[in-house]
Amino acid sequence: MPASWPPRTVIRKASGLRTLESALYRNGLGPVAGVDEVGRGACAGPLVVAACVLGPNRLESLAALDDSKKLGEKERERLFPVIRRYALAYHVVFIPSGEVDRRGVHVANIEGMRRAVAGLSVRPGYVLSDGFRVPGLPMPSLPVVGGDAAAACIAAASVLAKVSRDRLMVAMEREHPGYGFAEHKGYSTPAHTAALAELGPCAQHRYSFINVRRLVTAGTPQISGGLTDAEPGQCCELG
């Protein structure tokens with residue numbers, strides 16, 4: 001393999017979803033793990049990061065990942081158990097809102113990616129991350145622009161993270177009724193903003209986010225109870 005591999009620090013989508021992964025496997029750098037997150041921009045709920053290792057061969061049962069950007073909720077739910085079944089390894093990490101506040105979103109995101117890779121039962125030879133460079137990994141890695149549309153392992157990690165977080169937000173709505181978490185999943189929508197103004201923030205809101213902090217500064221009552229903040233770095237391996 002030439003010393004210049006990879007030829008650029010950031011690679012965009014090539015001719016197919018498995019092109020980059022196949023090149024890494026051919027050059028002896030497998031297994032290849034993909035890492036992605038969901039919930040960076042939400043003002044409530046955890047940041048969820050998933051890492052996933054797929055085998056070198058394309059599986060027809062995961063063909064829908066080729067259009068992962070277009071997947072709706074039902075298709076993601078259908079793919080979720082299929083990915084868990086056929087992945088060589090996967091790990092999902094939940095960074096609670098309190099830790100996001102303490103660390104900041106970007107630092108929490110990078111730390112979550114490191115934890116997700118560290119939790120894999122199969123040690124990857126190479127890691128592909130969706131858009132963000134992940135320092136501190138014990139193996140080579142590459143940030144990929146639009147990664148969930150450029151590498152199957154990142155697309156699979158994206159589905160695992162998205163479904164895991166969405167399910168948690170639905171459960172959070174039962175613990176904190178009135179905010180509409182099951183619908184907007186913690187993102188700042190007009191309905192969420194109206195609920196925040198009426199009810200005040202709860203323990204699952206990110207107080208470092210300006211729309212939440214502004215309400216606290218204005219003296220809006222805060223609601224506690226329900227789901228508690230997880231310990232820093234709490235993670236779970238699904239399946």
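Note: Cβ is positioned from N, Cα and C throughout, glycine not excepted.
Remember, it's a predicted structure, so these values are computed and weren't measured experimentally.
Among the candidates D130, D166, the residue that Swiss-Prot names alongside D36, E37 for the divalent metal cation site is D130. Taking the centre of the Cβ atoms of D36, E37, D130 as the divalent metal cation site, the nearby residues of that chain (Cβ within 8 Å, site residues left out) are V35, V38, V49, A50, M113, S129, G131, F132, G147, D148, I154, A157, S158, A161. For D36 (divalent metal cation binding site), other Cβ atoms within 10 Å of its Cβ number 31. Neighbour counts of Cβ atoms within 10 Å were compared for the binding-site residues E37, D130, and the top value is held by E37.
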